[in-house]
Amino acid sequence: MLYSVFSALASICYLFAAALGARFFIHMFQLNSYKPKVQLKWVKKNSRAYLGCHLALFAASVLCFAFIKTEAGFAVTAGCFCAAFLVSGLTKLPKRSYKTPLKYTKRVIRLIVTLFVILILPLLVPVIFGAELSVLAISICSLWLLLLPLLILFANMLNRPLELSINKMYIRDAKRILKSCPSLIVIGITGSFGKTSVKYFLDTLLSVRYNVLKTPGNFNTPLGVVKTIRGELRAIHDIFLCEMGAKNVGDIREICDIVHPKHGIITSVGPMHLESFKTIDNVRKTKFELADSLPQDGLLFLNMDDENIQAANHPHPHIAYGIDDHSGYYVTDLRISERGSEFTLHAPDGKSCEYKTALIGRHNVVNICGAIAVSNSLGISLEELRPAVRRLESVPHRLQLINRGDYSVIDDAYNSNPSGTKAALEALSMTTGMKILVTPGMIELGEMEYELNRQFGVDAAAVCDFVALVGEKQTKPIYDGLSSAGFPEDKIYVAQSLQDAMHKVYSLTSDGRRKIILLENDLPDNY
């Protein structure tokens, strides 16, 4: 009787621990784009405490299996392991609200079902072979909790044939829908940074004349694009703006093989996702997969202010745009203040037009220039675009100026990069008031990460009155850069969290000056 009662209690506590642990690790797997290699690297870096504790728990269960032979002894052992399983589960309860919560997609649900089948296998041991083997079942349960991160990957591997089949079905359906819209103009948009902003700007400008569909938010993966086509593309649409993201060579080509873009724009090539790309050359090669996919009569727009794009020397004819380069669409008479930007844009045919926008920052102007170049090339006059440019709004968390009472926030928290930090600091420098930087630094920069963050600190020292660094370990390079530039130590605050940093910033005295707070980057939940 004791075997049955305590086996049931231990089973319930084990399933509690397994469910909460699985939820946590599946969430991280989703944030790591369901890539097993990336997940393994993340587990190795972030789960040492979990693995160490569960290794000790498994070792204890093996000893119990070897020495516990009585029903009373099993009852005591099972009680102890019930407590241990409960503690294991409680440690995986969410300690904070996630910026990107776990999405219970159909894929995740299928993964959970497969994992559940694997997780209940130890519970069948006493049922099939007798209650006397309940201690063995507890040992296997302890092992399963130890191996939980790997079991999720194993379940994913078992599901892989089904997932590939489903994905191929979705892709075939998306291609069928695109084929049914022969007059649809597909414009591919890619770049290390700036692509989402250009997409939103193009949506506003092209809507002056056309019915436009864009991939929502940062939907820039093959399945994100496919989901947009299957769910939103209609016969009334004239133009489909397709944002294309990449973390590996071949990713852009994969999307192009689905949508077959007519025209394309490459906004930038820079040190993003270098942990997977390894080199800038690979980044450039991947971004120019868009150019390789265009038809001969397709238009390719290139930001020729970007030195890495200049170095590409791609054979496809292109239309240049930028501020410094004057070979295509270019900007002169640029004036930027905290109230917005004004500039004159010149087209290749010699025509020009003055524009005003509420957006701030040089790189916003470059992105607007690119959007005007595409729109004008598709038949919309420079004059027609003036009201649309004035209506442009900041893309959320991308140099978004927010006024709040006695302080202003420049929200550039979406995804920081070396070019973006320079542009953000430039925008901050043009404001009047107490200039404050809040940042956790830049990530996924590979071997260049320390030096690029250190330089970020040097650049910040020339602009800021106060700097709040979020997280001691990852912001050390920025701290080193600030110190090397002679920035006062009492003007640097190292916070444990963003909330801690903002509390400190709000408490600062500004001597009557308006506080201008630049939020530069916000690390994802898996950091």
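Just so you know, glycine gets a Cβ as well, placed from its N, Cα and C.
Owing to the predicted nature of the structure, the values given are computational and were not obtained by experimental measurement.
TrEMBL annotations:
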- 189-374: domain 'Mur ligase central' (DOMAIN)
- 397-512: domain 'Mur ligase C-terminal' (DOMAIN)
- 6-26: transmembrane segment (TRANSMEM)
- 47-68: transmembrane segment (TRANSMEM)
- 74-91: transmembrane segment (TRANSMEM)
- 111-129: transmembrane segment (TRANSMEM)
- 135-156: transmembrane segment (TRANSMEM)
- 177-194: transmembrane segment (TRANSMEM)
Note = Other same-chain positions with a Cβ less than 8 Å from the transmembrane segment (177-194) and lying at least 6 residues past its termini are 202, 229-230, 233, 235, 237-246, 252, 255-256, 258-272, 283, 287, 290, 293-294, 303, 363, 366-367, 370, 374, 378, 415, 417, 419-420
Note = Counted with DSSP (H/G/I as helix, E/B as strand, rest coil), the domain 'Mur ligase C-terminal' (397-512) has 50 helix, 26 strand, 40 coil
Ask   = What mean pLDDT does the predicted model reach across the domain 'Mur ligase C-terminal' (397-512)?
value = 87
